[in-house]
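Taken verbatim from TrEMBL:
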type     : residues     : note
TRANSMEM : 12-32        : transmembrane segment
TRANSMEM : 44-63        : transmembrane segment
BINDING  : 61, 190, 194 : Zn(2+) binding site
TRANSMEM : 79-97        : transmembrane segment
TRANSMEM : 104-123      : transmembrane segment
TRANSMEM : 129-150      : transmembrane segment
TRANSMEM : 157-180      : transmembrane segment
TRANSMEM : 192-213      : transmembrane segment
């Protein structure tokens, strides 16, 4: 069947569906925040980062091509992870912090994300554990201004942010350790990792939609 001809069918479909949901989600975020130009701008940044990540992942895992093209798509896929981390924190820091904290944390998260993207561009074959540690470390950067965020954002937002972070981290641990490799190449650790990533992204989207966009 045609939908099973992708290079990695499960990985392709999980993130293709999430990508399509992200497109709808970005439209909703823009509509819900339309009374504030600043919010609309931030929602576009967040929405684009979400779409790019899941689009890059779906395409990379779907395409059958030359090793050179697969490598290029792999780089794009891995670089997009840093883009999503920075994109997700943009609404959190933009509206959950103020003054010097806001400027500093936005500059730090985007600066580190760009550095991470450059690393993936030139050193795509870095050890799995090293790459995972970098992703998880940047993903939990909110612990730095955590007290400030708790003072500003509703506790519901804090709990959803933490839940999303935990989902991403569980997925990262499974990816790094290759646990639960039930049916290698068909439904193993990599496919389970993808499901946890989609779960983390969904939780963070709900946080942004419920507590920041509206």
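Please read every residue number as a count from 1 along the shown chain.
Glycine residues also receive a Cβ, built from the backbone N, Cα and C atoms like all the rest.
Please treat TrEMBL annotations as automatic predictions, because they have not gone through curation.
Counting only same-chain residues six or more apart in sequence, the Cβ atoms lying under 8 angstroms from the Cβ of residue 190 (Zn(2+) binding site) belong to 8, 11, 175. Annotation for residue 194 (Zn(2+) binding site): spatial neighbours 10, 11, 14, 15, 57, 171, criterion Cβ-Cβ under 8 Å with sequence separation of six or more. Across 12-32, 79-97, 129-150, 157-180, 192-213, stretch 79-97 shows the highest tally of CB pairs under 8 A with the transmembrane segment (104-123). Sequence-distant contacts of the transmembrane segment (79-97), counting only residues of its own chain at least 6 positions beyond either end whose CB sits under 8 Å from a CB of the stretch, comprise 38-39, 42-43, 45-46, 48-50, 52-53, 56-57, 105-106, 109-110, 112-114, 116-117, 120-121, 135, 138-139, 141-142, 145, 148-149, 152-153, 157, 161, 201, 204, 208, 212-213.
Long-range Cβ proximity for residue 61 (Zn(2+) binding site), meaning a same-chain Cβ under 8 A and a gap of 6 or more residues, is found for 6, 7, 8, 11, 12, 15, 77. Only sequence-distant pairs (6 or more apart) were considered; of these, at least three Cβ pairs between the transmembrane segment (12-32) and the transmembrane segment (192-213) are under 8 A, so the stretches are in contact. Residues 8, 10, 11, 12, 14, 15, 57, 191, 193 surround the recorded Zn(2+) site, their Cβ atoms falling within 8 Å of the Cβ centroid of 61, 190, 194, which are themselves excluded.
Sequence-distant residue pairs (6 or more apart) of the transmembrane segment (192-213) and the transmembrane segment (129-150) include fewer than 3 whose Cβ atoms are under 8 Å, leaving the two stretches without contact.
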